[in-house]
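Report on the following structure.
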Amino acid sequence: MNPYALSTLLSSLAVGTITTLSSSHWFLAWVGLEINTLAMTPLMTKTHHPRSTESATKYFLTQAAASALILFSTIMNAWTTGEWTIITMNDNSSTFMLTVALAIKLGIAPFHLWLPDVMQGLNLTTCLILATWQKLAPMSLMIMINHQLNTNLLITMAVLSAVIGGWGGLNQTQIRKMMAYSSIAHLGWMTLVLSFSPNLTTLNLMIYLMLTSSMFLMMTTLNSTNINKLSTSWLKAPLLASSMMITLMALGGLPPTSGFLPKWLILQEMTKQHLGAVSTLMAMSALLSLFFYLRLSYAISLTTAPNTSNSNMTWRMTHTQMQTLPMMITLTTMMLPITPTLLAMLN
């Protein structure tokens, strides 16, 4: 892609998200979401492949439907209450429609079906943007109106997301689809605690962004998109392969990695709210996700490809991603000891 076009599209992505994050008026927030969608669609089609065109079409239609629903619900709310400010969503029907629209934007179950198919047709860098940056604007809107959302609806969507995110990834061989289901499961955890403690949702979002970014950067560096390619990564870069294994354990939520922190705090909060059955179901669905992370870890570290590598020592080559990776891997693995500091910052 032309560098000028690429820089324009990436700037538009940044402007769209910042517009939504900084707005207090529903129309301005909607404009930010639209700029985001319109900047993302050309980025998806830059590989000139039928799969990427299909992904871009699916993404555009889904996001356009969600945007229309957001505009319709906010107009209904303004009609009823006379207010356009984000924090005054007092009409129950409007709030319900808005929750559904933001769930479609994010890919929360049962509105998740577009996400795995769209991510499978994209290259790894665009997948990284879709799985991380594109979650910021809709999730920030949900956090802003958290006190007016229907708690039962959020808990239902959260449990569905965690179960479907774990179950959907079990039989996959493509890593991009696995990461899509991983994203759905993590969004379920964020949605679960949204009504009770939005600070925990923010913390979970931050840690999810770090884990997913480091995972996609490592996949880009190793050029791995399926399990077969991943099994040769030990020959390419042994240190990076072992780091990827630790990152996968963090995504699964195993202590003492950073991924354990949000799950631990969310389950603690749910127990305080006397939601023991929901906590048990979420913990069990996390085991489903952990299974396919362990499957990937096994492919990386405990299997050796049957062929010998004839390439030059690829781990000695310079990679632009390697500049940010050490910091991301450190954050992925070592944030648990500073839990009290993070909680004090959020409170």
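Using the three backbone atoms N, Cα and C, a Cβ is placed for every residue, glycine included.
The domain 'NADH:quinone oxidoreductase/Mrp antiporter transmembrane' annotation in TrEMBL covers 23-288.
Residues or ranges marked as domain 'NADH dehydrogenase subunit 2 C-terminal' by TrEMBL: 290-342.
Look at TrEMBL and you will find 56-76 (among others) tagged as transmembrane segment. Long-range Cβ contacts of the transmembrane segment (56-76) within its own chain (Cβ-Cβ under 8 Å, at least 6 residues beyond either end) map to 26-27, 30, 33-34, 37, 40-42, 44-45, 84, 91, 93-95, 97-98, 100-102, 104-105, 114, 117-118, 121, 130.
Annotated transmembrane segment per TrEMBL: 96-115 (among others), in sequence order.
The feature transmembrane segment is assigned by TrEMBL to 151-170 (among others).
Positions annotated as transmembrane segment by TrEMBL: 179-197 (among others).
The transmembrane segment annotation in TrEMBL covers 203-222 (among others).
Positions annotated as transmembrane segment by TrEMBL: 234-254 (among others).
Annotated transmembrane segment per TrEMBL: 274-294 (among others), in sequence order. Proximity of distant same-chain residues to the transmembrane segment (274-294), defined by a Cβ-Cβ separation under 8 Å and at least 6 residues beyond the stretch ends, is recorded for 155, 158-159, 162-163, 165-167, 169-170, 172, 178, 181-182, 185, 188-189, 192, 248-249, 251-254, 263, 266-267.
Sequence annotations record features per position, and here TrEMBL assigns transmembrane segment to 325-346 (among others).
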Contact between the transmembrane segment (325-346) and the transmembrane segment (203-222) is defined here as three or more C-beta pairs under 8 Å separated by at least 6 residues; is that satisfied? yes
Determine the mean pLDDT over the domain 'NADH dehydrogenase subunit 2 C-terminal' (290-342), rounding to the nearest whole number. 73
Cβ under 8 Å to the transmembrane segment (96-115), counting only same-chain residues 6 or more beyond its ends: which ones? 33, 58-59, 62-63, 65-67, 69-70, 72-74, 76-77, 89, 135, 138-139, 141-142, 145, 149-150, 153-154, 157-158, 160-161, 163-165, 180, 183-184, 187-188, 191
Remote residues contacting the transmembrane segment (179-197) - C-beta distance under 8 A, at least 6 residues beyond either end: 103, 106-109, 112, 115-116, 118-120, 127, 131, 135, 139, 142-143, 146-147, 149, 151, 154-155, 157-162, 164-166, 168-169, 172, 204-205, 208, 212, 215-216, 251, 262-263, 266, 269-270, 273, 278, 282, 285-286, 289, 292-293
